[in-house]
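Visitor: Per TrEMBL, the feature transmembrane segment maps to B:12-32, B:39-57, B:63-83, B:90-108, B:128-144, B:177-197, B:217-239, B:251-270.
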Amino acid sequence: MLEQQLINALSLGSVYALFALGFTLVFGVLGVINLSHGAIFMLGSYAALLLIEHFALPLWLAMLAAMLVSGLIGLAVDCLVLRPLRARNAPHLAPMIATIGVATILTSLAQGLFGAENKRFPVGTIPEESYNWGNLHVTAVQIGIVVISFILMLVLLAVMRRTQLGRALRAIAESPKAAYLLGINVEGLFYLTSFAAAALGGAAGVLVGLSFNAITPFMGQPMLHKGIAVIILGGMGDIRGAMIAGLFLGFAEVLTVAYISSDFRDAVGFGLLFLILLVKPSGMFGKVLERKA
Amino acid sequence: MDWWDGFWSTYNTVIFSLGVNAMLALSIYVTLSCGLLSLANAAFMGIGAYAASLISMQTGLPFPVALAVGGALPALVALIIGIPTLRLSGVYLAMATLGFGEVVRVVVLNMDITGGPLGLNGIPLKTEWWHIVLLLALTLYILARMRRSKIGRAFEAIKEDEVAARLMGVNVAGYKLLAFVIGAAIAGVAGGLNAHYTFTIGPGNYAFENAVEILTMAVFGGTGSLVGPTLGGMILTLLPEALRDFNSYRAVVNGLILVLVILYLPKGIWDPRRIRHWVKTFSQRKPQAGGSN
């Protein structure tokens, strides 16, 4: 049934988009592929789970707190790993590999601390309501995911387009050196970007945790793969592109599973990525600045 | 020699892996030495492993033939996908090769002849220690000769400045393709060797994590010379064994080492200039200390 598939695709796609948003933001501003984004996403999910389990926080508050926690982790990664590499003007390969190391550390720490098994949110955390229109079946969680993702995406887009801060960030994306000469606090905005990107990643983690009600230390890796596909499809560093490509990937995956075979679900994103790189390396929506990556 | 028999039966796969991982690290070194960051080597290793194993299991052909096909098939695939892919540079190439690797994984997962998700089991034990020593030595010899030849100098020129190399009349596209194909062949042979002592292979053995692992070995060792990747491959094979006591936090230490090497030894652990510097400061300090007393 097509309509039902489209609704599922919308909720899946908006999570992909939200995840990829932070990923692409870091690339756009810092020029770094941060491969620890998946691990931070996973930790955001755990943060919400622990806060709800131990302090019985309401869901919305736990989600805000989880965004704060993952944001701080992102900030710590920036301070400890990315900043020294920036100071040294390291080539693009170095931060990419270093963040692989960070992802390994975070994933196995989580595995050591929380165990490798699936965790679930306590009963009653997740709203059970669902709505039926004719044959359509929509859960409150699905609606929540779509609404929250879109709010976060639109806020970020508004900040980038309408505020002085966004202008400064775009200036840095263009050229950090020129931005610095114009009196922009480049280093401070790098920190802010890392924080915001990780917070968005954490929010996506909470939403995914809610929608599947299963949290594991390993949930970050497959998400990271989707994220890579999305930011390439959308054009690296392009925020609007990441939103559209995230939704697009969600639809492509759900429709593949529904009409072709679930075997190829994970190949869809990368197949698309491979194709788009061959045909139009700047991404589907790109006139992307030619970065010397 | 009782202790030796016991030692060998416990550790022979580790010892075999030393050589095979060194070959894998060298396979990515070849592409890196030409300025290409390719994450497809795990996939090429997989293609080689499957090709060689299938020949051993389904035909009566001798092992060298299986290994030769294990090297030739990935090289052929590299030739075909390399022509369109190698137009990309930097991060884009890394992502495209990553996408290719993922597509290979899903294809292998869904084919009948490869055993699908179960993989191939009962691959005959044919790899002997001297096969690995011989092929590793051969790889090192060929690469060492190549380094000093016209090809090696062309790689170096392309790595330093592609545009300048092209203006000097270097056939940039051709040499890049050559590096890609040679890397694929080495990875494929290593895969064939590996499959014939592990008895069993599966599509999960050649995924993103493995591509990253291979890259890590090369970068950890240092890609400025042939010694670096060889050492890096060997050390990172032994490291998990040495860290056995750390149990679940073993991967944390692994990740930490990766981050620290990138931060503090950007040229890898085998960096002749740094080592010479250390030796010099050490030998200078000694007589000074003696003289002042």
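The chain as shown is numbered from 1 upward.
Using N, Cα and C of the backbone, Cβ positions are placed for all residues, glycine too.
Given the structure is predicted, the values throughout are model-derived calculations rather than measurements.
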Visitor: Please tell me whether the transmembrane segment (B:12-32) and the transmembrane segment (B:177-197) touch - that is, whether there are at least 3 C-beta pairs under 8 Å between them, with each pair 6 or more apart in sequence.
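Guide: Judged by the Cβ rule, the two regions touch, with the required three close pairs present.
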Visitor: Could you tell me what the rest of the chain brings near the transmembrane segment (B:217-239), counting residues at least six beyond its ends with Cβ under 8 Å?
Guide: 14, 17-18, 21-26, 28-29, 32-33, 136, 140, 143-144, 147, 253-254, 257-258, 261-262, 265, 267-272
Visitor: Which sequence-distant residues neighbour the transmembrane segment (B:63-83)? Criterion: at least 6 residues beyond either end, Cβ under 8 Å.
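Guide: Same-chain residues near the transmembrane segment (B:63-83) but 6 or more away: 40, 44-45, 47-49, 51-53, 55-56, 100, 126, 131, 135, 176-177, 180-189, 191-193, 196.
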Visitor: Where, among B:90-108, B:128-144, B:177-197, B:251-270, do we find the most CB pairs under 8 A to the transmembrane segment (B:39-57)?
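Guide: Out of the listed stretches, B:177-197 contacts the transmembrane segment (B:39-57) most.
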Visitor: Please report, as numbers and ranges, the same-chain residues at least 6 past the borders of the transmembrane segment (B:251-270) whose CB is under 8 Å from any CB of it.
Guide: 216, 219-225, 227-228, 231-232, 235, 239-240, 243
